[in-house]
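Per Swiss-Prot, these features apply:
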{"type": "ACT_SITE", "residues": "CYS2", "note": "active site, nucleophile"}
{"type": "ACT_SITE", "residues": "LYS596", "note": "active site, for Fru-6P isomerization activity"}
{"type": "DOMAIN", "residues": "2-218", "note": "domain 'Glutamine amidotransferase type-2'"}
{"type": "DOMAIN", "residues": "284-423", "note": "domain 'SIS 1'"}
{"type": "DOMAIN", "residues": "453-591", "note": "domain 'SIS 2'"}
Amino acid sequence: MCGIVGYIGYDNAKELLLKGLEKLEYRGYDSAGIAVVNDDNTTVFKEKGRIAELRKVADSSDFDGPVGIGHTRWATHGVPNHENSHPHQSSNGRFTLVHNGVIENYEELKGEYLQGVSFISETDTEVIVQLVEYFSNQGLSTEEAFTKVVSLLHGSYALGLLDAEDKDTIYVAKNKSPLLLGVGEGFNVIASDALAMLQVTSEYKEIHDHEIVIVKKDEVIIKDADGNVVERDSYIAEIDASDAEKGVYAHYMLKEIHEQPAVMRRIIQEYQDAEGNLKIDQDIINDVKEADRIYVIAAGTSYHAGLVGKEFLEKWAGVPTEVHVASEFVYNMPLLSEKPLFVYISQSGETADSRAVLVETNKLGHKSLTITNVAGSTLSREADHTLLLHAGPEIAVASTKAYTAQIAVLSILSQIVAKEHGREADIDLLRELAKVTTAIEAIVDDAPIMEQIATDFLETTRNAFFIGRTIDYNVSLEGALKLKEISYIQAEGFAGGELKHGTIALIEDGTPVVALATQENVNLSIRGNVKEVVARGAHPCIISMEGLEKEGDTYVIPHVHELLTPLVSVVALQLISYYAALHRDLDVDKPRNLAKSVTVE
């Protein structure tokens, strides 16, 4: 949620900042702004709405300079409007600030220090910049004032501060909110995501919580909470900038759906040794083997992937597994086993709720593993181990290829642990994943069929239901989520057997019901559920699998191993959801009110 960019160097900053913000659009936002500094002045450009609107305003001015900060805002305090947009300035105009996060004690700070100050916005961010002015007026240097203010803040924040009287510096701090430092020859940058500033550098340094960073064009000084200078090595962000472009596709979501076969092949390659055997770091395997119970912590689509992963971990590896919604777990931790292993699943590696759980489990001394798409992310750094998805940048808000990558990696982990436990495998996983790859390609090739299904079943509806049994039920939850988040159709996923316990009361003439029928042992049962809803007027869309199909099924996916069907059937649901949204003329990649990376609790 939200995004920050900053540049200080020898070049004009305005265009670099605008391009950087465009690379952060996927994170979700409702307004955007930049502040640019030159020898004469600090000028702020900001607008409600899309960055394209901000660009019009910024491009209408010739003002530019070699220093600047930028921000995309997702409203948390105050409605989306011009006044609440970032950057914010202090009353005297000297200090300019961008901020991601939520300050929990801003009202207390406002009451204690800023009585009589006139505020323009309703935001917690303006309180921060006014506090910097307040302490500066008490005789503190800008660094001292900034450090003092940061010490008073309770909550999450990533901050970038400009001082009109010290035009050669950006002051930076973070806590529980992502922010990176990019380094170059004669310039330095800050960014919420390395993707934003790949246009100028691929070399980055991590910023840790509670650190203060003084950024100049030719040097960077990192200080810990006690004021001690910290030396930190840089790393190269191994991201191909072209991977983050739409190319020939109309939308990022469609591109990312089409990329799933390539992602499957990459995962097979990355998790295979020279002899063609599955491989994962032995320390990870040992921690899984030693665990008496696995607790999967995730949110949204990653939570749904965790539900599928539970099937692998229990059925193949023989490890009891629980899957928890991160935002609930952090406030209502269950009674834990004696030797738990916590597995955190997050595409971005920055999910705030999951990170909050990780902080607590680290305090308890429990082992942890992060499964993420982003090397060097917060969850990756703070967990004991990391397994990477190797899916490439996922830009569309609605996750597609990360979901299938998460399931594939969980299947590989489970099979290796099963082998270590001496449990006889009933599957040649590499061979079966290759079949999955071919099956996904076949479904992608059938995109026109999926578009017709979307037209036939979802063109005018306001409600839709997804049903399945056993592992199909887990996929039905993801299918419903995909549809609702991009088409705004009220969609819900249910276990087929639960229909008669309340949900069937919602079935009316023409109500679309998408039924997944890919599991042999419950095939008759789910088809019985379909008959129940048809008897009440439902319009059934049955997605089955070769070998289990019946006459009249809407679509039949290629045959794959039953436990791997989620990797295949979900692709059909992704495409159906995509076309349902497309036909409603909606913004598929950036649905309303949603953010790609939820970095506040």
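Cβ from N, Cα, C; glycine included.
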DSSP-derived structure type at the residue listed as 'active site, nucleophile', helix or strand or else coil: coil
Average pLDDT across the domain 'SIS 1' (284-423), rounded to a whole number: 96
Other C-beta atoms that fall within 10 angstroms of the C-beta of CYS2 (active site, nucleophile): 29
The domain 'SIS 1' (284-423), counted residue by residue under DSSP: helix, strand, coil: 64 helix, 28 strand, 48 coil
